[in-house]
Amino acid sequence: MKDSENKGASSPDMEPSYGGGLFDMVKGGAGRLFSNLKDNLKDTLKDTSSRVIQSVTSYTKGDLDFTYVTSRIIVMSFPLDNVDIGFRNQVDDIRSFLDSRHLDHYTVYNLSPKSYRTAKFHSRVSECSWPIRQAPSLHNLFAVCRNMYNWLLQNPKNVCVVHCLDGRAASSILVGAMFIFCNLYSTPGPAIRLLYAKRPGIGLSPSHRRYLGYMCDLLADKPYRPHFKPLTIKSITVSPIPFFNKQRNGCRPYCDVLIGETKIYSTCTDFERMKEYRVQDGKIFIPLNITVQGDVVVSMYHLRSTIGSRLQAKVTNTQIFQLQFHTGFIPLDTTVLKFTKPELDACDVPEKYPQLFQVTLDVELQPHDKVIDLTPPWEHYCTKDVNPSILFSSHQEHQDTLALGGQAPIDIPPDNPRHYGQSGFFASLCWQDQKSEKSFCEEDHAALVNQESEQSDDELLTLSSPHGNANGDKPHGVKKPSKKQQEPAAPPPPEDVDLLGLEGSAMSNSFSPPAAPPTNSELLSDLFGGGGAAGPTQAGQSGVEDVFHPSGPASTQSTPRRSATSTSASPTLRVGEGATFDPFGAPSKPSGQDLLGSFLNTSSASSDPFLQPTRSPSPTVHASSTPAVNIQPDVSGGWDWHAKPGGFGMGSKSAATSPTGSSHGTPTHQSKPQTLDPFADLGTLGSSSFASKPTTPTGLGGGFPPLSSPQKASPQPMGGGWQQGGAYNWQQPQPKPQPSMPHSSPQNRPNYNVSFSAMPGGQNERGKGSSNLEGKQKAADFEDLLSGQGFNAHKDKKGPRTIAEMRKEEMAKEMDPEKLKILEWIEGKERNIRALLSTMHTVLWAGETKWKPVGMADLVTPEQVKKVYRKAVLVVHPDKATGQPYEQYAKMIFMELNDAWSEFENQGQKPLY
């Protein structure tokens, strides 16, 4: 009861406080809620306002298509008068911007056919109305440039604002012509480079560049004045046939001729009556016989009809090409005008134009001038006092602009600027590089002729700069030929230094210049007594040559330096005079040529081993069927030891391999023993090829290692001299067995031509001397032994053995080698895209490095085939080889791949497995 009473007593006291706290909480929460809403709203409005302000600021500053080419020449796109969302240049924005910077000091030149209210720009708008997709008339171009110059001359604060529909081609040709008019540049190249740098993507067509060249002629130091003789265009010839029909094998062309914007002649007739030209026709010939004068435009179109009945069919046309020129710049004796593809306008789809596409006009100039009503603006124009600084606000800006025009990349050589942007018939025109001075005369804006504007074409070539040449030319550049003349001069030969005391007689100082810088092998060859230019068999030469002598004496130049197959009557080792070692210097005995004469003969010139060695010329080389003994050093690092010392009575390795045969370093000589049996070793040849051989003073037990078996040589000091590790001197008290040779010969047979490294070195420098001899001897080994039994040592390949080989031989006599190579490539792989792609690296032309060979494992799925095929097309596409010597070859490869891909698609693009 007490607890309940206490509960009842406490409840009334708690209810008021509980209710007040609840309302207080709701009140405070609502206050915080509205406060948060208010703060969030203020932040949102503030953020929105700041973003709007920022967007307006960025729009007025950065979103306008507005470019200062110079501080006084401005280029922009067309200012739109009405509100168009997404259009960058609004008239009001442009006016606000110009008024804020150039109030009352700007004039707008509208080059487009569209117009707007000129009051928006304070009625300072010149309507030029240049034609669309054409170069402006030369008359109008010159007049606008002169008007701009007059406006800039009136006040240093005046600026010119130029615009067309997109601010690209038409505006760029006017600004470029203005640079030439003010003598800033004398050729079109630097002007166009400056425009590309300031406003990328200007898209000047060949006709635009041609007209800039006309401006250079008109304003040269000796200005060219166009003649007024009418031109008769007799016919137009187009070859080869472009591919504009649906079958991509021809077109149905017609031709329009315009003077300015006025069409004066057209060959378009009824669709059914017009001739359709095919590829097999070779060329398009259309007679015209029309006389023109001034700015001439020749356009050719392809006429096609949509599918449907005659009443429902709709005839449309597609432009094939367009060309424009001024008749006043054609030389008087011209009869043919040729335009190649780079000199034609509107050639936007390269796949539709075959290689070597060109247009030829058969023309004739009339002998008399035609009377014109309007005097050209360049007539009686004084070329004085025209200063290019009028285009800039400061001298520094002038210099920076010149540098910018000269530093842009160059695509066309600047050596002949007079033919810049012209076709071949302008060859006789004089495009001067000299600056000319001109004076100005006031002209009203009403003198401008109204013509249509021009839209930008595709961006074409960047052009060369004469300023770049002027800056790059150095007066000392002519000294380069003299440097080249000094390079091949041989350095003075080193003096003869007898460091080891091996020679006592004076040496000849006349040396021939070495063919290559001396190598280690050449230096070491002198240590063995052979010069770098000495003959392979210098039997008459006794003694050891200088250690550091890089080349042989002049008296030994009559013999070839290296001879793998030449023989000599005295095949002696050049360490001494004898092929075998005789410590007592017994005179050598010349022997006749026999089966083993090259191994057993000694030097024909005997010498005393204990006397000072003397030099003698090379002996006479006699022909023999056996290879010569040669220790001539190999420049690649090996030594050619073409005879086995073991056969001469010294075991497998004799002391003749060392530069000094005695312990005192005296050059000793060997001679053939008097009782040597020449056939003593024949019985042990088969069993001793790879066996360990003891080194005995006699050669009866010596064997012959394989030809290409490298023998490791390690120098060992022997009383002031050195000796190979595996070879033993006759003075050694006890023999030492030789380690077995590694088997590297392809056949197990005796070899009489030993080749091993005589000096320690890298592994790749040992045993290389026999490589060039080995291949020559394998072809006819044992031919003399087996020929009597009806065997041939090698295959006699005198002619083709199969009908296919005979057919190929006949085809090679008449067919183009490139086509023959393509036929060999596709043989057995016709229309097999996988096989062709995996072997395409075998037929690519020399110098092609983009293509990486692919295997059949990379061509399993259709997706892989498609990916590799696209890469192959990018490599061999004919358009990328335009003008290259392999252009036709790339086209043949592309056609084979294209046919194979079509077959692959027709078969459903099946996977490999």
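Keep in mind that glycine also has a Cβ here, set from the backbone N, Cα and C atoms.
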Field: phosphoserine per Swiss-Prot (candidates: S465, S512, S570, S709)
entry: S570
- prompt: Which range, 409-417, 535-543, 688-696, does Swiss-Prot list as motif 'SH3-binding'?
  reply: 409-417
Message: Tell me which of 36-47, 396-407, 876-887 corresponds to the region '3 X 4 AA approximate tandem repeats' entry in Swiss-Prot.
response: 36-47
Field: Per Swiss-Prot, the candidate from S563, S671, S740, S744 carrying the annotation phosphoserine
entry: S563
Feature phosphoserine, as given in Swiss-Prot - residue among S112, S239: S112
Statement: Students should find that the Cβ of S112 (phosphoserine) has, within 10 Å, a number of other Cβ atoms equal to 24
